[in-house]
């Protein structure tokens with residue numbers, strides 16, 4: 001099992017750790033965060049307002065974070081080049097600070113003994129992989145990769161199924177997205193993105209997202225055919241993608257449902273889901289899948305123009321994919 005270090009113990013860092021202990025696909029051996037001391041790490045990992053209390057045992061012992069009897073080395077370095085990943089036995093590093101998102105910046109982890117770096121965010125230059133969509137294109141020559149964004153992980157599997165079966169001519173995506181840590185609790189300054197600075201719990205906030213364009217990087221035949229935007233809404237977790245597309249091949253809505261269900265039950269099982277239940281956002285809190293197609297929520301104007309709806313736990317689904325990507329990479333060593 002691949003040994004992993006986590007840089008940045010924020011929402012994604014903690015939930016990747018949680019996912020790793022629940023799925024046992026990778027082993028967490030080290031965590032670095034200059035802003036959180038060991039006792040605070042114990043507290044933050046144990047108690048979670050969104051996903052509930054961690055059900056196992058968490059404690060500090062001998063200067064290490066101990067989860068379910070498993071000791072994890074803790075560092076508090078600001079410069080990634082100074083983190084001694086090698087000493088802790090970590091060969092892969094999850095870069096989840098949100099700061100070191102380019103190949104050059106993320107490569108600093110290699111200096112401390114890491115072999116590969118997985119950026120848990122979109123990257124301007126690192127190759128992006130979405131499990132179930134283009135993960136087979138990964139090869140051993142790559143040392144720094146990106147797991148793309150939570151929204152790209154939701155959109156890409158559905159876009160792939162639709163494009164493979166009916167060919168997408170063009171499309172627009174909106175994500176109705178839960179609050180994240182980058183937003184403000186009350187109105188405050190926010191650089192050039194003035195709307196983003198408005199109170200998160202008080203407003204529906206139109207925002208930009210690169211998620212749809214990023215799909216063109218993971219599915220090259222869709223490059224230039226999709227773009228999108230976001231609405232930030234006052235819910236703590238779980239988001240939903242609305243994908244409106246023009247199809248080259250005519251399709252009844254029932255046919256679309258059929259091919260999505262076949263993918264969800266078959267090649268994309270565990271990544272793409274399918275539901276005909278009368279669900280709402282809370283029903284997906286803690287869902288491990290990347291994208292759950294809501295058969296009852298979509299609509300068709302005609303056989304060439306449809307609106308498709310798919311849900312995602314933007315925190316936990318994504319964190320599980322980070323673990324899956326690392327396990328896949330390790331299988332290629």
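Using the three backbone atoms N, Cα and C, a Cβ is placed for every residue, glycine included.
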- Task: Select one of 33, 37, 139, 294: the residue that Swiss-Prot places in the NAD(+) site alongside 11, 12, 78, 120, 314.
- Result: 33
- Task: Can you match one of 116, 195, 232 to the D-glyceraldehyde 3-phosphate site that Swiss-Prot gives for 149, 150, 151, 180, 209, 210?
- Result: 232
- Roughly how many angstrom lie between the C-alpha atoms of residue 11 (NAD(+) binding site) and residue 180 (D-glyceraldehyde 3-phosphate binding site)? 9
- Query: Can you tell me the three-state DSSP label for residue 78 (NAD(+) binding site)?
  - Reply: coil
- Which of the recorded positions 12, 78, 120, 177, 314 has its Cα nearest to the Cα of residue 150 (D-glyceraldehyde 3-phosphate binding site)? 314
- Message: DSSP secondary structure for residue 151 (D-glyceraldehyde 3-phosphate binding site), reduced to helix/strand/coil, please.
- Response: helix
- residue 177 (site 'Activates thiol group during catalysis') - helix vs strand vs coil (DSSP): strand
